[in-house]
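Here is the structure we will look at.
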Number of protein chains: 2
Amino acid sequence: MEACGLVVEYNPFHYGHQYHLKQARKETDADCMIAVMSGNFLQRGEPAILDKYHRAKAAILGGVDLVVELPYAYAVQNSDHFARGAIETLFHSGVSAVCFGSESGNIAAFTDAYQLQKEHLYAYEANLKRYLNQGFSYPDAATKAYRHISGLSEILDVSQPNNILGLGYVRAIKDAHYPIRPVTIQRIENNYHDTAITGKIASATSIRKEVLTNTSTSASAADSMPDETLQILTSYKQKAGHWHDWELYFPFLKYRVQTMNAAELEQIEGVIEGLEHRIKRTAAEASTFQDWMHALKTKRYTWTRLQRIFVHILTNTKKEEQILGHDTGYVRVLGMNKTGQTYLNQQKKQADLPFITKINQISHPFLQIEERAAKAYYSVLAADKQRNFFLQEMTSPIIVK
Amino acid sequence: MEACGLVVEYNPFHYGHQYHLKQARKETDADCMIAVMSGNFLQRGEPAILDKYHRAKAAILGGVDLVVELPYAYAVQNSDHFARGAIETLFHSGVSAVCFGSESGNIAAFTDAYQLQKEHLYAYEANLKRYLNQGFSYPDAATKAYRHISGLSEILDVSQPNNILGLGYVRAIKDAHYPIRPVTIQRIENNYHDTAITGKIASATSIRKEVLTNTSTSASAADSMPDETLQILTSYKQKAGHWHDWELYFPFLKYRVQTMNAAELEQIEGVIEGLEHRIKRTAAEASTFQDWMHALKTKRYTWTRLQRIFVHILTNTKKEEQILGHDTGYVRVLGMNKTGQTYLNQQKKQADLPFITKINQISHPFLQIEERAAKAYYSVLAADKQRNFFLQEMTSPIIVK
């Protein structure tokens with residue numbers, strides 16, 4: 001069996017993902033579609049609306065065959081590390097192709113950009129450093145440095161976050177010489193609504209309205225959710241009492257920062273350049289999470305970078321854990337269907353790393369982080385619910401017949 | 001002016017305190033009654049129902065002239081350290097007498113017991129150690145060790161918590177050779193209700209009913225609160241939105257424990273003998289604070305000792321801060337009336353330590369702890385209220401005209 005990998009967060013699963021899946025299956029002729037998915041905290045430094053198990057289930061119902069977890073150590077990081085961790089996880093899952101969305105749908109733009117960067121690596125890095133020193137954020141500095149080396153004939157618009165990620169996947173594959181074919185599919189945003197879909201949507205209007213009112217989901221995103229996703233959203237809220245967003249965590253985050261001294265805060269992953277003082281100073285005045293972010297934000301520190309730091313504070317993730325300094329030691333399966341099961345059974349015989357499901361199945365520094373992250377994620381639920389939700393980490397993966 | 005000191009928590013102020021004050025004034029003929037009062041967290045390891053400023057105000061309205069703060073470092077400790085810190089603070093406040101309540105009202109019982117313990121110190125400590133090794137809690141082991149040396153002629157019932165505290169005050173005065181006269185007044189529990197008081201009580205029945213329903217205050221305690229205390233209780237709840245109790249802090253405490261590893265937990269003040277593992281193990285199952293305490297409680301670890309550890313976890317107070325290893329560097333005034341002001345102005349000229357009011361007035365390790373403790377205490381309030389309540393720490397003391 002051949003497998004194709006996708007890198008996703010599924011927060012939550014929508015028709016765009018379904019379209020992407022179908023196209024990827026067609027392009028790669030793969031038997032098994034594997035999604036490597038962020039856990040409870042996302043790359044933008046946000047809690048996912050639903051926990052990873054419910055998002056995995058929605059993805060499988062939407063057409064994914066196997067969902068594996070992108071470890072927190074890679075998921076809550078800048079796009080370079082995120083991309084590298086995702087590709088490594090997919091490689092160890094045995095994929096022969098990786099498919100990602102892009103504006104152009106032209107893979108040559110990515111492979112050429114990769115070659116260009118590689119050939120001018122010295123100039124690129126010198127310029128990157130220069131722009132960083134001038135106070136630009138990492139994404140802005142990287143875009144400017146890239147434009148410098150590409151001159152007038154810009155082959156890839158790296159100011160687009162999705163293009164940065166795509167280039168990251170290509171780089172991770174090529175740098176490691178993985179036998180994986182990178183594939184890109186042109187993204188469609190609002191043009192995939194055929195009448196069949198519109199018909200389906202109508203049947204779930206009330207749920208969609210609730211999703212819109214209670215989450216930061218945009219109208220077009222809510223419109224594009226399959227009934228299965230909407231049902232999972234609703235049942236999660238019934239079971240958990242909440243959809244998760246930063247404001248729910250704000251009291252915990254503020255309490256935590258206000259009972260740490262600056263030296264302790266400085267030990268947290270991502271807290272550099274005296275940011276600990278700025279975070280402490282702004283904490284007392286903040287009445288909401290949004291308030292606090294606006295008080296913290298500067299040109300140098302992007303919104304997402306600051307949010308990732310807040311996730312690390314919330315989960316007590318420290319520099320001394322060297323979260324990027326460990327080898328991937330396992331592939332963790334969150335859920336699958338029958339195809340995924342067949343693929344997994346075949347793959348287990350030839351895989352170089354163990355496939356695990358339970359958090360306590362083996363011992364690995366990443367799994368200690370997953371445990372803390374899961375406990376922090378469920379902290380906002382009623383005490384008696386926390387335990388049941390956490391138990392998912394210790395039991396079998398989601399299996400969709 | 002002569003001053004008499006009292007050691008109190010005033011959680012909240014009641015007629016028993018008022019009676020005690022009057023008797024102490026009579027016995028010592030003092031011009032100024034000084035109360036050294038625990039801050040937001042009490043010796044039993046509990047958040048006070050009201051913050052220290054509101055409790056100080058109630059105390060002054062009830063007859064205290066000057067309220068000074070017992071630093072957290074002493075307040076949230078066993079009775080020996082609590083008593084020592086309280087007496088030190090009162091000594092630096094310039095008192096010539098200290099008055100405490102007891103069952104017998106006989107000071108000789110305390111001074112004799114002190115002499116007896118001192119004379120048989122070696123035997124006492126050997127026995128104490130033996131009983132501790134047998135798994136008895138500190139209070140139980142101390143009682144048994146004391147009975148050993150006192151033989152049949154027991155002169156003080158040290159199984160009574162109030163007697164242990166009284167003996168602690170006497171010991172702290174005598175060991176340090178402070179020129180302070182210890183005085184004890186017989187406690188009255190339910191026999192101080194004269195008709196005048198009963199008349200007053202009737203006027204505040206509805207508030208009292210609310211206090212009873214919403215706090216762990218007993219009926220007799222609520223009956224015994226002056227109108228001023230009841231009004232302060234009510235206005236605090238209106239302003240803050242809550243009266244404070246452990247269950248309010250439970251989500252924060254549980255979140256905190258579940259995102260710490262055992263090694264970090266072991267660094268917290270009071271966490272010894274592998275208790276970190278027991279605390280972590282019991283955290284996941286606990287649905288309420290009471291649940292958790294019942295799961296943790298053993299013969300060796302008293303309820304109050306475990307609660308104090310929970311306060312240290314909540315306030316992130318660590319062993320490395322050596323909270324008992326610092327000299328008292330200041331006396332902090334929380335509130336006063338005109339008499340207290342006159343006394344303070346006189347005392348300032350001859351005092352060996354500065355009298356301070358604001359948390360940022362001088363730099364001292366104790367004040368860093370007070371800041372964290374105040375922020376942790378107010379964490380359960382709405383975010384916009386936290387800031388206003390904390391501002392009290394930075395402003396002038398309560399002055400009652």
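Cβ from N, Cα, C; glycine included.
Straight from TrEMBL, the features:
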{"type": "BINDING", "residues": "B:7-20, B:Gly101, B:Asn162, B:187-188", "note": "ATP binding site"}
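Locations of recorded TrEMBL features on the structure.
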residue: B:Val7; record: ATP binding site; DSSP (3 states): strand
residue: B:Phe13; record: ATP binding site; DSSP (3 states): coil
residue: B:Tyr19; record: ATP binding site; DSSP (3 states): helix
residue: B:Asn162; record: ATP binding site; DSSP (3 states): helix
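For B:Gly16 (ATP binding site), other Cβ atoms within 10 Å of its Cβ number 18.
Neighbours of B:Tyr10 (ATP binding site), defined as other CB atoms within 10 A of its CB across all chains, total 24. Here the binding-site residues are B:Phe13, B:Tyr19; the one with the fewest Cβ atoms within 10 Å of its Cβ is B:Tyr19. For the binding-site residues B:Val7, B:Asn162, the ranking by surrounding Cβ atoms (within 10 Å, all protein chains) places B:Val7 first.
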